Structure formats: structure tokens, C-alpha cells
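Engineer: Sending over a structure as C-alpha cells; questions will come in a sec.
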Amino acid sequence: MVSKQAFLCSLGSIYLSLLFVFLLMDVYARPANNSALKEKGMDKDENEILPRDHLNGVKMEMDGHLNKDFHQEVFLGKEMEEFDEDSEPRRNRKKLMAIFAKVDVNNDKRISAKEMQRWIMEKTEEHFQEAVKENKMHFRAVDPDGDGRVSWDEYKVKFLASKGHNEKEVAEKIKNNEELKIDEETLEVLDNLKDRWYQADNPPADQLLNEEEFLSFLHPEHSRGMLKFMVKEIVRDLDQDGDKKLVLSEFISLPVGTVENQQAQDIDDDWVKDRKKEFEEVIDANHDGVVTMEELEEYMDPMNEYNALNEAKQMIAVADENQNHHLEMEEILKYGEYFTGSKLMDYARNVHEEF
């Protein structure tokens, strides 16, 4: 006869097994943002030379996902890292109050859409300057001879070395036009990167990138020509009928390869709802039910002042409880999680003593 203790242990094991299964089901059911996962999985060397799917201050990822951190990126700029789940709530509130004072240029104790627009443009420029700074370091990593120009072959050697290949062997084989043993997935990535490389090569094309062109290669959002290329790539991945335009049904379909099966796509109602709203209310500027490459390019341009004003109005509307089309201190503190991504706990209890 089984003892009571053995029975309880057995029951506990069954419970843990079921819990693990349910957790796995949840993970595979929801279409995660692959760009974030891929970048977390990169080692330092690979991350330095491989263009990222996620671009700070841009509304859409390179893989077609909406940028879930966009509001925080254009509101906090470089200070975004200071607001995290581990931060002390009181300290975060004080930081948010300090930001409010900076946005409120005319010191009337409320933020207008114009003031918010100016702030968004400043924070976007901040992200760009950070990208320029990082690019200097990244460029040095792929320009070992320091001549200020990098060939596709030089980049290819560094890229394959970051994937675990022997750098000297790869360089020697490329030099002697010998065949490289590369798996299909890496080969596909290289083909896509090569297309982007040639797009970043400003005329007259010499297949060599200088530091500025390499910045366009890593950060296409800050080059008009590369922004067009980026939009083309996204439309190509989402466009199902080949007309080089997007209708709603195409836009709310997950990019190919994002999830394992159709069921995983069907059950993610929130994902579909977010994309439907963004398509109808923001991207489709003339509301004709079709998004052209031009509309998508305008939507993704981080330095578009009209977009910044619209974003400012939307951000204010989220927290504008008294409907005066401005943002007061109490409102921004109450909706702090929307602006910072971090919960400002005990709001009701602490707001008066903060003032």
C-alpha cells in the first residue's frame, strides 16, 4: 500500500509537470518579437557588426513587428535604461517629475502637444547621436587596417568569425576564391546583408563603405535611401499578392517564420488588435484601406515632424483625464507606466507628499 508521503510526492510531481507543460504552451502560442530574442542571444562581437532588427525610436522592427517600446524610447531617450522594474518607485517618480519640468518649456505646469513634439524630436536625435557614437566603435571592429574603408569581403570575414568560423582560414579562402562551408541559414543571412551592403554604398558605387555609409548599413532609419530599402524589405515579407502594397489582412498576418503554426497566430488576439488599430488609424494616412510604400516610409521616418506631433497628441490623450488636451503632473504620474515602462507603485498614497 502506498504511504501518504509517497502519494503526496507523486501528486506534487504531476502538478509540476503539468505546470511546465502549460508554461511551454503559453510560450509557443504567443508570437514573440523575434528581434528582441535574437539580439539577446547574440554575443558581443556579433552584435557589434550585425544590423539589428530593433531600431530605437522607430515604430516598426525590421522583421515587421510593431515596436512595443516606442513610447518609452521617444519620451525617455537615453534615460530609458534608468527606469526598470528593479528601480525604487519613489526614485522613478522623482525622475519623471524632473522630465516633466524639462518638457514644460513655458513653465505653465502643463505639457502641450507642441512641447511634447519638440521633446520627442530631441529624444529621437539623442538616439541618433548614440548610434553615431556606437558606430565609430563598430566600424573600427571591421576595419582592422584602419584605412577608413571596408570591403564586403572584409566584413564577410568578420561576420563569419562572429559565427564561430576561424577568421584566418576564412580570410585565406576568400582571398584564394575557395569555397566556404557555410550552412544554409547563414548563407541566407549573408545574401540579405550583401543586398543591404550595396544599398548603403553611395554613388559612385565602389563596393567599399566608409564610416558614414557603414552607419547607414547598421542604422537604415537615418538615411533616406536606406529607409526606402528597409520599407521595401518589410513590404516584401508581408505582401502576399505581390502588388507591392499592403492591405489590412496582409498587415495583421505574422511575417513568415515568426511562429510554428497557424494556431499560434490565430489565438493572439491582442497582437492582431494592435496591428489593426495602427494600420487603420496611423499608417494608412488617406484611409483608403491600402498602405503604399510611401505611406509606410513616412510612418517609419523617425525625423518626420508631422509624425512626432501626432505621436505627441496620442501620448497626451492616453493620460488626459480632464480632457483639456494638455498633460498635468498628476496625470503623467498616474500613467507613469505608459511613459516609462516601469510601474510607479503607491501612486495614490504618495502623490500628495511628492508635491
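Cβ coordinates are placed from backbone N, Cα and C, and glycine is handled just like the others.
TrEMBL annotations: computationally assigned, not manually curated.
Below are the features I grabbed from TrEMBL:
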type	residues	note
DOMAIN	91-126	domain 'EF-hand'
DOMAIN	130-165	domain 'EF-hand'
DOMAIN	271-306	domain 'EF-hand'
SIGNAL	1-29	signal peptide
Engineer: Kindly state the mean pLDDT of the domain 'EF-hand' (130-165) in the predicted structure.
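Structural biologist: The answer is 91, the mean pLDDT of the model over that range.
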Engineer: When secondary structure is assigned with DSSP, how many helix, strand and coil residues does the domain 'EF-hand' (91-126) contain?
Structural biologist: 27 helix, 2 strand, 7 coil
